[in-house]
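Take a look at the structure below.
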Amino acid sequence: MAGARGCVVLLAAALMLVGAVLGSEDRSRLLGAPVPVDENDEGLQRALQFAMAEYNRASNDKYSSRVVRVISAKRQLVSGIKYILQVEIGRTTCPKSSGDLQSCEFHDEPEMAKYTTCTFVVYSIPWLNQIKLLESKCQ
């Protein structure tokens with residue numbers, strides 16, 4: 001009888017330990033903390049387009065740049081939505097006056113090709129139709 005009771009206590013302790021370990025995974029993500037966002041997310045795409053328009057507007061380059069690839073993208077719910085983006089951008093063959101950058105090819109001549117990694121932080125309040133570039137750092 002004592003052996004059976006010991007097994008039940010041991011089994012209950014093991015189940016509690018497994019529950020605590022599995023439950024801690026859900027608790028590690030804090031409310032309001034940045035979370036990964038899918039690259040195809042509509043809000044992310046708007047934020048990225050806005051960040052690139054601001055980057056090109058501030059750039060002294062004769063040519064426009066556009067995103068080569070998204071390295072990482074996170075979304076944080078604050079009093080709006082903050083997008084934290086790390087992207088690789090490249091110089092295109094299109095002058096700044098061009099409208100549609102997606103159809104612009106990247107320079108392939110070594111002296112003209114320029115690739116840079118940038119971090120953009122974009123703050124969006126979609127229900128007020130407001131968007132602002134909070135941070136733009138490129139290396």
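Every residue gets a Cβ built from N, Cα and C, even glycine.
Around the Cβ of Cys104 (disulfide bond), a 10 Å sphere holds 19 further Cβ atoms from the protein chains shown. Annotation comment: Swiss-Prot describes Cys94-Cys104 (among others) as disulfide bond.
When other Cβ atoms within 10 Å of the Cβ of Cys138 (disulfide bond) are tallied across all protein chains shown, the result is 13. The feature disulfide bond is assigned by Swiss-Prot to Cys118-Cys138 (among others), with experimental evidence given as support.
For Ser103 (phosphoserine), the count of additional Cβ atoms within 10 Å of its Cβ stands at 10 [all protein chains shown]. According to Swiss-Prot, the feature phosphoserine maps to Ser103.
Mean model confidence for the motif 'Secondary area of contact' (76-80) is a pLDDT of 96. Residues or ranges marked as motif 'Secondary area of contact' by Swiss-Prot: 76-80.
Under the heading signal peptide, Swiss-Prot lists 1-23, citing experimental evidence as support.
Taking the Cβ of Gly32 (site 'Reactive site') as reference, residues of its chain lying under 8 Å away and at least six apart in sequence are, in sequence order, Gln76, Leu77, Val78. In the three-state DSSP reading, Gly32 (site 'Reactive site') counts as coil. The site 'Reactive site' annotation in Swiss-Prot covers Gly32.
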Contacting positions for the motif 'Secondary area of contact' (76-80) when only residues 6+ beyond its ends and CB under 8 Å are counted | 32-35, 123-126, 130
Lowest 10 Å Cβ neighbour count of the disulfide-bonded residues Cys94, Cys118 is held by Cys94
Which whole-number value in Å describes the distance between the Cα atoms of Cys94 (disulfide bond) and Cys138 (disulfide bond)?
-> 20
